[in-house]
Amino acid sequence: MSGVQFGEWPFLSVDKEPTACAYSNDGNTLAVGLTSGDINVYNTATWTRTFTLSGHFKAVTGLSYSPTGHQLFSASRDGTLRVWNLKSGLSEQTLGGQGGVVSSLAVSPDGQQLATGGADKIVRLWFSDNLSLSRCLKGHIDAVTCLAFSLDGSVLASGSSDKTVRIWDTSSGDNTFVLKGHTDSISSIAYAPNGQHFVSGSNDTTVRVWDVSTDNALTMLTSHTDSISSIDSVPNGQHFASGSNDTTVLVWGVSTENSIAMLTHHTDRVSSVAYSPDGQYIILASASWDHTIHLWDTERRELSKVIHGHLASVTSLAFLHFGHLISGSADWTIHHWNLDLDSQEPVRTFKGHNQGVRSVACSPDGFRIASASEDKTVRVWSLTTHAEVGELVLEGHSDVVACVTFSPVWPQIASASEDKSIRLWNIERSGSEPTVLLGHRAGVQCVAYSTCGQYLASGSDDNTVIIWSVSSDSGMVVIGDVFGGISSIVWKKGELELIVGCKDGSIRAWRLLVEKDRAQVQLEWGTGFGHLVATDAHIDGALKLGSVAFELLKQRGAIGEMRADDNENEIEE
């Protein structure tokens, strides 16, 4: 790959599974420990292997360089600690009897102390020059999994399978703090360069940022652990919320891969989230056995109200206008709620569907609502009359209607169905035939208009998003390889940026770029996958790329247009 310059280093091929790695302080060498017990040392300028250090007979669990880079410390599942001379490639010292597997080690910044931890729950401090024991630190009630010294070496942090992080004074051995909050084993800890914070990673899928002077977590970085069911954007476009089958709601900044708040009070999957027009509340509903609607104060990140009323799972939410909420349910009904009233009774209940309601939407003028149902119909209801039957019954889909939405500018409704089609209905011309959009190869789960009304995005179980031109009824762009199927789409207010929620728990943000008759999408950010960054790269003859990899490389000018026979951006007619 001549001339390729990536924002990531080349990969290294090794004979056995790598289990630990460490850079020297000057960055000139990299040590990689393997399941075989061997340690490969590489020159990072040429990426050639300079040594293979052999001595351990079980997997290497930890590696750490001395500050000078002349020595390497290694820990292993064989219960030993070794010190290696990196000039000769030989083992200088071996220390056994560590009480079982040594799972972690760390060297102090001045190189004077070495810390080890393992299955016996004890943190040991050693003098690094002769490997004599300095002190034992006891307190964890399960295996010690990770260690990190503070920048000045006066403090040691230890993480454990007991779900806690302990902070130790290295001179006295005192345990100054026990940090609690994680719900699973601690897998990694590290101090920030400013010395004021450190972070802990856990098998509970979260990262917590801590203040080193207190036992308080400053923030928690997390993502969903199950399918995303719904996404909505705050009116000012600065934040959005996602609901998931993992029972949580996450609040995100529009330009970040990390959530800024987790809302946890539901006892079953969250099926819908919606922001009020003034942005004061996040309103969400849960599916299955919860049957509730929760109202959240987003500034305080607190639960402010729980609404009961539906007899089955609440499947969809839509704000009518300030203080009024519409909810659809698997109990076949639609409720209209006045949130200003201290009541658990809806203002009105709309009945007519003979199976569960999957989606509800409100018209821009606030005079109508629409509902999509498992009975294969879409119903339009008038809010200006007291009738509790549908004003219009729109029939034509041959399977469950999963989603319905109003155009922000036209008297039009879009419905998405498990029958793989999208239908555009003119609600002012009764009896007119809908426009049918075909292109997906599996059930369509969600559909959303851009705020300008010119474009429509649809998401499907075929792992694609199609962006359609509303005026020409044609597909403009297909976004493929969105893993796990698409469950929710929302356009950022006032912009041609769409946020896509996926059934694998990930989120993608794409920007639509339209120039004359040509349209393309640009991946802005996403969760749940590694980024590839290329600078001044050019790769000839790239074939069979997935659309995510193709778009990332194309944006950086690394590749040209995809060959016609490999084009994934064609619409099936």
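Please read every residue number as a count from 1 along the shown chain.
Cβ from N, Cα, C; glycine included.
Automated prediction, rather than curation, is the source of TrEMBL annotations.
The annotation repeat 'WD' is assigned in TrEMBL to 53-94, 95-126, 137-178, 179-220, 221-262, 263-306, 307-340, 350-391, 394-435, 437-478.
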Select the range from 53-94, 95-126, 179-220, 350-391, 394-435 that forms the most Cβ-Cβ pairs under 8 Å with the repeat 'WD' (307-340). 350-391
Against which stretches of its own chain does the repeat 'WD' (53-94) lie, if we need a Cβ under 8 Å and a gap of at least six residues from its ends? 19-26, 28-29, 31, 33-41, 100-107, 109-111, 114, 116, 118, 128, 130-131
Among the recorded stretches 95-126, 350-391, 394-435, which has the greatest number of Cβ pairs closer than 8 Å to the repeat 'WD' (137-178)? 95-126
Using DSSP, how many residues of the repeat 'WD' (350-391) fall into helix, strand and coil, respectively? 0 helix, 18 strand, 24 coil
Where DSSP helix means H, G or I and strand means E or B, what are the helix, strand and coil counts for the repeat 'WD' (179-220)? 0 helix, 22 strand, 20 coil
